[in-house]
Amino acid sequence: MGKFNENYVITMKDIVREGAPILRKVTDEVDIPPSEEDKETLLCMLQYLKNSQTPEIAAKYKLRSGVGLSANQIGLDKRMFAAYIVDDKGEHEYTLFNPKIISHSLTMIYLQQGEGCLSVDRAVPGYVPRYERIKVRAYDITGEEVVLKLSGYPAIVFQHEIDHLNGIMFYDHINPDNPFQLPENVEIKSVF
Ligand SMILES: [Zn+2]
């Protein structure tokens, strides 16, 4: 059994911070069907996100609130991420291996308040342009191939996490000359 199993509570001390080489590496594909250890790890990562969005638990363990977590953010060179998003349509939880964006819209979106990251202990102002809609092929927790269509905020979360798995940080997308300059010749609007 690996370190990150059902009895382990991930806390901020497990979260790798910017500057660590593993956050700048293209992560290795996970074997499919996934091993029990990889599945347990991914579920443990999902639990972090749920805990972090539950005020009493977050306070007890001093967790920063997060909606997505990639394996390299806990120091593992593995292509997998968890996401937990609560919106007006309900709760959406994802545990995915080897995700890949197979198509995307031309239109883009960005979060008015910018993006944050559990691996970044500072506010980085600026707009992060993302595709408004994406189609992702991945393997779910049982090892079944799935194709997911995402739009709006969940699409932003997925792009942030898949970027992590490719060694890309959110601020790499921010215009270095003017952080609030949006890309030109592209239809782009804010979310929220
Ligand atoms: Zn992040």
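Using N, Cα and C of the backbone, Cβ positions are placed for all residues, glycine too.
Per TrEMBL, the features are:
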{"type": "ACT_SITE", "residues": "Glu161", "note": "active site"}
{"type": "BINDING", "residues": "Cys117, His160, His164", "note": "Fe cation binding site"}
Cβ-Cβ distance under 8 Å to Cys117 (Fe cation binding site), same chain, at least six residues away: Glu18, His160, Met169, Phe170
If the Fe cation site is taken as the center of the Cβ atoms of Cys117, His160, His164, which further residues of that chain fall within 8 Å of it by their Cβ? Gly68, Ser70, Gln73, Glu115, Leu118, Ser119, Glu161, Asp163, Met169, Phe170
When you measure from the Cβ of His164 (Fe cation binding site), how many other Cβ atoms are you left with inside 10 Å? 24
Taking the Cβ of Glu161 (active site) as centre, how many other Cβ atoms lie within 10 Å? 22
State the count of C-beta atoms found within 10 angstroms of the C-beta of His160 (Fe cation binding site), not counting that atom itself. 24
